[in-house]
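Inspection log for the structure reproduced underneath, given as structure tokens.
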Amino acid sequence: MSEVTESRVQSASRADTLAEVGALTAKKPRSLWSNAWRQYRRHKLALAGTFVLLFFIVATIVGPFLWDQSATSIDVAAALQGPSRKHPMGTDILGHDVFARILWGGRVSISVGVVAMLVSIFLGTLIGAISGYFGRFIDSSLMRLTDLFLALPTLPLLLLVIYLFRDPMQKTFGVLIGMFILIVGVIGVLSWMPVARLVRAEFLSLKEKEFIEAARCMGAGTASIIFRHILPNALSPVIVAATLGVGSAIITESTLSFLGLGFPPDTPTWGRLLYEGQEYIEIAPYLVLFPGAVIFLSVLSINYIGDGLRDAIDPQRTL
Amino acid sequence: MTRYIVRRVIIAVPTLIAISMVVFTILALAPGDPLSEFANNPAVPPQVRQNIRKNLGLDDPIPVRYAKWFRQVVQGDFGYSFRSRSPVLDLIKMRLPTTLYVIGTAYLISILIAIPIGVLSAVKQYSVFDNVATTIAFIGFSLPTFFTGLLLIIVFSVKLGWLPSIYRSTINTPGLLGVWERVEQAIMPIAVLALFQSASLMRYVRASMLETIHLDYVRTARAKGLPGRAVITRHAMRNALIPVVTIIALGVPAVFTGAVVTEQIFRVPGIGSLLITAIYDSDTPVVMAITFIFAVLIVVFNLIADVIYGVLDPRIKYS
């Protein structure tokens, strides 16, 4: 007990000297995150991407309340009209206002991207951490599993699983929720492998470091070492991978919808709008252009954000 | 070397078996009935239906069915399609040339574009050329292929009317005109695939080249007075392209699965569209065969990449 207080006193006095040094150089000590932010700010395109993406997110959350046109009301008399003041992105074959549908669809598309990424990051971090920390038999069998998943043909399996299980899922959880769980789950389960490899590699090198030895000597338990000491230090590449993961999950969901295997027709996700629009591509190309442009712009922004984050917090990596 | 290859092949076999088990189990657990069209057809008496099920072995337990399927595949027999009643292998052989023609040309073009641009971009880092090239590459690989495809259709088929938007396999026009028609309809699918592939490949080429250019041996080459061009092509490029070659090999299976989307946009009658229709028809043998072939491609090209890496880079020791 007394030893602990002593070490506290020591570290406090060290902090004092540090503060003195800081006062001498007359500069505020920079934290890890403020450093990262300074670096990130220099990447102009990443900043632009952040603004575009934030704009999209806010628009899809707030937009449906502000925009007075309904996404679902049918008005056949106003079908297939080009962009106008009343319908800035035109109307589709049933007279739906495309702008309203893009706002609604964005909620689904963006949340699919984010949640699918969370699933894949969770699985990848868990498997990578266990594999890297415990090593030996656990490591080799988990890495075999990772190799196996890497050899699975992703797109055919996605299509297959969704086609086969969409009806029972929709019956059990309702149309929208069931499809959401299915799509998010399948994308997550088929995309955790690179994250697991990254986290494992970080764990392998970090667990041999002195500060982990120190933590262990102070009596930290396994869980505490994994989650409080190693994981925070292994996070940089994971954050970058997570950002890029949102973009690729949005593309995957759109691809599924585009092949007719995504959300049901009354849920206007961006990919779904594109799928419906391609039939009228000759008379109403704007039905393809607007949803396609939103998908492209959000993915491009996310990729630039990922690029900027990599420069800021994970500078060893070049690609 | 030979021993290494043999060992890798032996390791690959259980992976393939595991993958085929996974896919087979998903198909077998699926709630849909491959014979549902018979079930809805009142002209087929229940007795006949029972017999068909029995003949196809659909009432056996899953492991028994898997064992039967496995025994057939080892003998090179993927069974008969439920839908068209013809051997699955014949169906695939019919579709394969189209897919290979489109994908092969696209991949070749993307390699031919990506390598020179990537190298130049790295050599003239931060120049106008580099900025333009990296920006285009970034956009190219953020653009989902389904959107690029539809954009090309809008521009070249709808607006300009230069190229056909639908791929026909039944072109009977004789002479040079027929040849041109065959080439003409493949331009857009090839362009879509080539843009995406060259964009991602170019980023690898550039990154690898940037790493190599700053190595000491390149500086030595310059110091001994070699002209700049010789340093780049004969010294730096040869080493920088080693990882690129493996990336090219590893990318082949992804190109195949990526073609599923492109074939769907332009209605190219290839393997990808066969897979999609088979999934929609619950044509289990065809789905199983194509998914398995994709898995084989992944495993085989992984192996090829490893072997090439060892051949090109003698520092790699096989153990």
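Cβ atoms here come from the backbone N, Cα and C positions, even for glycine.
Unlike curated records, TrEMBL annotations are generated automatically.
Taken from TrEMBL, the feature transmembrane segment covers B:9-30, B:100-123, B:135-158, B:186-205, B:240-266, B:286-312. For B:96-305, the entry in TrEMBL reads domain 'ABC transmembrane type-1'.
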Leading stretch by Cβ pairs under 8 Å, where the reference is the transmembrane segment (B:240-266) and the options are B:9-30, B:100-123, B:186-205, B:286-312: B:286-312
The transmembrane segment (B:135-158) versus listed stretches B:9-30, B:100-123, B:186-205, B:286-312: most Cβ pairs under 8 Å: B:186-205
Distant-in-sequence neighbours of the transmembrane segment (B:100-123), which means Cβ under 8 A and at least six residues beyond its ends: 129-130, 133-134, 186, 189-199, 201-207, 209-210, 213, 232, 237, 240-241, 244, 248, 251-252, 255-256, 259, 262-263, 268, 270
